[in-house]
Amino acid sequence: MLARALLLCVALALGHAANPCCSNPCQNRGVCMSVGFDQYQCDCTRTGFYGENCSTPEFLTRIKLFLKPTPNTVHYILTHFKGVWNIVNSFPFLRNAVMKYVLVSRSHLIESPPTYNAQYGYKSWESFSNLSYYTRALPPVADGCPTPMGVKGKKELPDSKEIVEKFLLRRKFIPDPQGTNMMFAFFAQHFTHQFFKTDPKRGPAFTKGLGHGVDLSHIYGETLDRQHKLRLFKDGKMKYQIINGEVYPPTVKDTQVEMIYPPHIPEHLRFAVGQEVFGLVPGLMMYATIWLREHNRVCDVLKQEHPEWDDERLFQTSRLILIGETIKIVIEDYVQHLSGYHFKLKFDPELLFNQQFQYQNRIAAEFNTLYHWHPLLPDTFQIDDQEYNFQQFLYNNSILLEHGLTQFVESFSRQIAGRVAGGRNVPAAAQKIAKASIDQSREMKYQSLNEYRKRFRLTPYKSFEELTGEKEMAAELEALYGDIDAMELYPALLVEKPRPDAIFGETMVELGAPFSLKGLLGNPICSPDYWKPSTFGGEVGFKIINTASIQSLICNNVKGCPFTAFSVQDPQLSKAVTINASASHSGLDDVNPTVLLKERSTEL
């Protein structure tokens, strides 16, 4: 009887079909809802489409689709016709109109309030209210699907170590054709670690960055306790120390702030800053020092303007000003460089004041994943006339003191970074991080590359060759994954063919830009009630924000005002080496595979 009952249970289990939403039948951002065990419904509400699978466009949608150019066409227009864009840039009303279109068209791709997280693939109060989760652009692959990507591809995904070694690991350094430099690379790492703070104890779906945006917690600390330990409580300033006549962060001993340093690091080199991991490399501590100096400089400006203000108001207002400076630098210098546009991007919150726009943000897990730009890192770091490998560079603040900030800025402004797209450019020192990125994406059950392309209104790739733009890697990827609709998001972003003379491929830009711009303009200081001079201490503070740039940040805080930018100024440097990512493994053995990067987080 027991055996017969067990057989009956097995038969019933096998008789149940897979979740009908496993095949992602609902198109154009329609929401799939199972009905019973083998039926589904697509909710097409406000998608502009109708039909069983939300695949038939409404009349107005059909017109919009006919008139709307493809993302690659838009990119081509914005990166060519320089004379036309010079005219647009010189007329404020034209520049404002284009910038408004850029902001609205990008930010509307991000759902606000947030909808899903790793635990909930459907809308729930928990997924909205629990700030300890990263949100999700797409829900996780449904439970019980025939394959890891739903219904497409093989029953098991290929070994992540094999993916890294075959397609991601560097054979020979491939420089970025856009000329991106190490000032950019370390700015990216420093800036994003105020909101990419995966909780290693709870797993990749969780974050310790509860501010979910540009809150400068990497400068001031995530908690009030950490902030208070870092503050001087005089004139609004942060604690500091003077070394060789210059301002540097205080030590762990002086602040009792927890930082991550190996045991052998001497006390006087254990600098304490807002982010506990910023002792990892001197490039991060360089920016931490610059922003510390900037905060205290702004406090001096406000103190002169408002001698009646107490320490708390000077501190809080200076923080708001630095948030504004950060957003302006990110849009007008950082994103401007990445875009390659001849159109000049503009930070002007007033452009959105008559739009439906929510001044809140939630960091998405996919945004965190796509920001793993480890191919930017070179094999060695060149500072003045010295060269440091990873082993010499990690946890070595003595390099910062030995050379000083001026030499750091000058050297990193000259050193070119690596190309991110195109494959085979992750340095050996970061291969374990790349593997962990793939493993964690699988743990969080990300949908396929093509599902994310559809979510962000891109045409799905029809083949691996279309994805990579070449034949060798495409054939190997097809053998491992079996179907282009089963290709994973993270490795796809790194092997995708770059746009012409660009650092990224199409998917990285078209997914990353909406997350980025929504996060920046969704900041409370950009809202109508905040964006006014009185918020920032009057016209003096407002002017600091509105005139901020990466160059002014350096000039105000680094001795000698060294020239800087986010790209090398000699265009020949970026053209010096032409490398095919499908080349042989030559040069790989020259890299020491024992280099120790912190494995506690894939974000470093």
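Yeah, the Cβs are placed from backbone N, Cα and C, and that goes for glycine too.
Sequence annotations record features per position, and here Swiss-Prot assigns signal peptide to 1-17 based on similarity to another entry.
In the three-state DSSP classification, N53 (N-linked glycosylation site) falls within coil. Per Swiss-Prot, the feature N-linked glycosylation site maps to N53 (among others); the stated evidence is sequence analysis.
Sequence annotations record features per position, and here Swiss-Prot assigns substrate binding site to R106, Y341 based on similarity to another entry. Sequence-distant contacts (6 or more apart, same chain, Cβ under 8 Å) of Y341 (substrate binding site) comprise L78, T79, W85.
Using a 10 Å radius centred on the Cβ of N130 (N-linked glycosylation site) and all shown protein chains, the other Cβ atoms total 15. Residues annotated as N-linked glycosylation site in Swiss-Prot, with sequence analysis given as evidence: N130 (among others).
Within 10 Å of the C-beta atom of Y371 (active site, for cyclooxygenase activity) sit 18 other C-beta atoms, taking all shown protein chains into account. Look at Swiss-Prot and you will find Y371 tagged as active site, for cyclooxygenase activity.
Feature annotation from Swiss-Prot assigns heme b binding site to H374; the stated evidence is sequence analysis. Sequence-distant contacts of H374 (heme b binding site), defined as residues of its own chain at least six apart whose C-beta falls under 8 angstroms from its C-beta, comprise V426, P427, A430, I433, A434. Following the DSSP three-state reduction, the secondary structure of H374 (heme b binding site) is helix.
Counting only residues at least six positions away in the same chain, the Cβ atoms of L269, P282, Y388 sit under 8 Å from the Cβ of N396 (N-linked glycosylation site). Residues annotated as N-linked glycosylation site in Swiss-Prot: N396 (among others).
Annotated site 'Aspirin-acetylated serine' per Swiss-Prot: S516, in sequence order. DSSP assigns S516 (site 'Aspirin-acetylated serine') to a helix. In sequence order, V330, V335, F367 are the residues of the chain that are 6 or more apart from S516 (site 'Aspirin-acetylated serine') and have a CB within less than 8 Å of its CB.
Here Swiss-Prot flags C526 as S-nitrosocysteine, drawing on similarity to another entry. Neighbour density for C526 (S-nitrosocysteine): within 10 A of its CB lie 23 other CB atoms from the protein chains shown.
Per Swiss-Prot, the feature N-linked glycosylation site maps to N580 (among others).
Taking the Cα atom of each, N53 (N-linked glycosylation site) and R106 (substrate binding site) are about 25 angstrom apart. For Y371 (active site, for cyclooxygenase activity) paired with R106 (substrate binding site), the C-alpha to C-alpha distance reads 17 Å.
Of all Cβ atoms in the protein chains displayed, 19 besides its own lie within 10 Å of the Cβ of R106 (substrate binding site). Cα-Cα distance from N130 (N-linked glycosylation site) to C526 (S-nitrosocysteine): 24 Å (rounded to the nearest whole number). Calculated from their C-alpha atoms, the gap between R106 (substrate binding site) and C526 (S-nitrosocysteine) amounts to 17 Å.
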